[in-house]
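Below: the structure, in structure tokens.
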């Protein structure tokens with residue numbers, strides 16, 4: 001501050017903060033005119049989003065200037081405020097770059113090249129193994145005694161069948177493995193491995209973090225929803241298989257209840273780690289969580305499917321008045337139930353009175369909405385959790401606390417959002433019914449996936465008005481809004497279509513390496529949570545502010561879980577609940 005007469009108030013507002021108040025960063029004293037020494041203040045600012053800086057003078061609190069700028073990581077900047085003209089009292093605010101920011105994306109580029117190099121080596125090795133002399137040489141080196149026995153036996157030189165049977169690694173495309181759709185496990189494994197990487201820190205990059213509240217479809221926000229979607233698809237296929245093999249509905253219901261109970265119990269254990277802190281206090285036990293929501297969602301969707309399933313519906317024997325809806329109309333009781341659940345969600349969200357908050361409030365509270373509703377985080381969803389579960393039994397550090405500076409606890413896996421999680425799983429169930437109904441009719445299956453994706457996309461566009469903040473119901477992962485569900489379902493149908501086409505239709509891709517964690521998803525998820533802070537998944541860093549170190553650690557931990565799941569697959573060890 002080179003102004004001799006007045007100090008400055010420096011305030012800032014994040015570009016990601018919708019309708020937020022400016023937050024004071026520092027007071028800059030006036031300059032010492034006699035010694036020509038400017039007043040200074042040093043502040044640290046966020047580089048995740050663009051900032052709007054506002055400078056007000058201490059005399060009359062007049063706004064002197066406003067600057068919008070996206071600062072770079074580890075950059076050093078000076079904001080120089082001085083008088084241009086004493087007669088007109090014109091003030092200039094100049095931003096000077098003292099030290100340029102670093103290129104924080106180089107570690108990602110390097111990691112990408114390393115993994116692409118590994119992939120290229122594996123592909124080249126796979127192609128070389130198709131050459132008979134190379135394959136024979138490799139088998140001889142790996143198992144020389146077996147090769148000599150075949151050569152010296154009465155059978156003469158080993159033929160193709162003998163070579164394959166002596167291969168220590170089973171064929172990817174065997175008839176037995178084809179009975180199970182590899183695309184579903186690949187879809188599940190892909191979502192799970194990226195979820196593990198993000199949970200481990202994602203290299204501390206902002207785009208691997210959850211959105212503060214409403215907003216763009218950032219990467220992490222879609223992972224849990226994909227997992228829910230493919231769980232619904234698997235429910236359809238697994239229940240159909242069990243009933244075809246002669247299991248009674250009572251026995252199947254017992255399995256559903258037991259699996260749901262185990263998922264909820266494991267979830268409560270996993271989200272309340274207390275391994276080195278002594279006995280766990282019941283006063284602050286967190287009740288909601290990812291596995292808890294999966295368990296309850298599985299219970300409702302699987303029981304609904306079991307209760308209303310009809311013989312002949314999946315094989316197309318039942319006649320329907322509208323052929324275009326022949327994979328929907330036979331399940332009309334289920335659709336009515338799901339629509340009733342959605343009506344309940346809408347009524348509770350927009351009509352339930354919340355003390356101190358406007359009815360139908362969907363905002364983050366805190367400094368959002370110009371600070372008018374600081375204790376209204378999540379509206380009805382947050383209020384129901386705090387009322388039924390208690391503030392101490394829900395998540396204490398929601399993603400909105402950073403940008404919106406919220407102080408109220410809010411759980412993104414709370415009670416009200418579970419309704420729309422059930423809707424998401426039911427849409428995945430519909431994908432499974434399409435696979436069963438149009439069995440081996442690949443074009444029909446893929447065309448139905450495209451139609452469902454378009455329908456979900458249109459609904460999302462209407463609900464959001466194609467806007468981040470101004471729609472009827474914005475996309476919000478914390479609330480699990482219905483627009484979030486339809487948008488994620490739109491992308492889930494497309495992703496499942498692509499993987500199904502590559503893995504099960506054209507067989508251009510085996511699904512590796514994501515197929516292996518997809519076959520052991522519960523073990524990988526619980527394992528990565530339990531052993532998160534143990535070596536070799538985590539170690540002390542030399543520089544905790546380095547993206548390169550964080551990325552190396554997080555990628556190493558994630559890769560280890562892929563290797564573990566591969567080894568378990570080779571030994572035919574699968575943890576099923």
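Note: Cβ is positioned from N, Cα and C throughout, glycine not excepted.
Summarised as a single figure, the pLDDT of the domain 'Heparan-alpha-glucosaminide N-acetyltransferase catalytic' (180-302) averages 88. Taken from TrEMBL, the feature domain 'Heparan-alpha-glucosaminide N-acetyltransferase catalytic' applies to 180-302.
The transmembrane segment annotation in TrEMBL covers 105-128 (among others).
Under the heading transmembrane segment, TrEMBL lists 187-207 (among others). With a threshold of 8 Å between CB atoms, the same-chain residues lying at least 6 positions outside the transmembrane segment (187-207) that come near it are 48-49, 104, 107-108, 218-220, 223-224, 226-227, 230-231, 234, 495-496, 499, 511, 513-519, 521, 524-525, 528-529, 532, 537, 547, 550-551, 553-555, 557-558, 561-562, 565.
The transmembrane segment annotation in TrEMBL covers 227-245 (among others).
Beyond the transmembrane segment (257-275), the same-chain residues lying 6 or more positions past its ends with a Cβ under 8 Å from any Cβ of the stretch are 285-287, 289-296, 298-299, 302, 522, 526, 529-530, 577. Annotation comment: TrEMBL describes 257-275 (among others) as transmembrane segment.
Under the heading transmembrane segment, TrEMBL lists 295-313 (among others).
Sequence-distant neighbours of the transmembrane segment (334-354) (same chain, 6+ residues past either end, Cβ-Cβ under 8 Å): 304-305, 308, 328, 360-362, 376, 379-381, 383-384, 416, 419-420, 422-423, 426, 479, 482. Look at TrEMBL and you will find 334-354 (among others) tagged as transmembrane segment.
Feature annotation from TrEMBL assigns transmembrane segment to 415-438 (among others).
The annotation transmembrane segment is assigned in TrEMBL to 445-463 (among others). Away from its own ends, the transmembrane segment (445-463) comes close to residues 327, 427, 430-431, 434-435, 438, 471-473, 475, 482-483, 486-487, 489-491, 493-494, 496-497, 500-501, 505 of its chain (Cβ-Cβ under 8 Å, at least six residues beyond either end).
Here the transmembrane segment (483-502) has long-range neighbours at 181, 183, 186-187, 190, 217, 221-222, 225-226, 229-230, 233, 420, 423-424, 427-428, 431, 442, 445-446, 449-450, 452-454, 456-457, 459-460, 463-464, 471-477, 508-509, 511, meaning same-chain residues at least 6 beyond its ends whose C-beta is under 8 angstroms from one of its own. Look at TrEMBL and you will find 483-502 (among others) tagged as transmembrane segment.
Nonlocal intrachain contacts for the transmembrane segment (514-531), taken as residues 6+ away from its ends with a CB within less than 8 angstroms of a stretch CB, comprise 182, 184-190, 192-193, 195-196, 199-200, 227, 266, 270, 273, 290-291, 537, 557, 561-562, 564-566, 568-569, 573-577. Under the heading transmembrane segment, TrEMBL lists 514-531 (among others).
Remote same-chain partners of the transmembrane segment (551-569), defined as residues 6 or more beyond its termini with a Cβ less than 8 Å from a stretch Cβ, comprise 107-108, 111, 189, 193, 196-197, 200-205, 513-514, 516-517, 519-520, 523-524, 527-528, 536-539, 541. According to TrEMBL, the feature transmembrane segment maps to 551-569 (among others).
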Long-range Cβ neighbours of the transmembrane segment (105-128) (under 8 Å; 6 or more residues past either end): 134, 203, 205, 547-548, 551-552, 555
Reported in the order helix, strand, coil, what are the DSSP residue counts of the domain 'Heparan-alpha-glucosaminide N-acetyltransferase catalytic' (180-302)? 88 helix, 0 strand, 35 coil
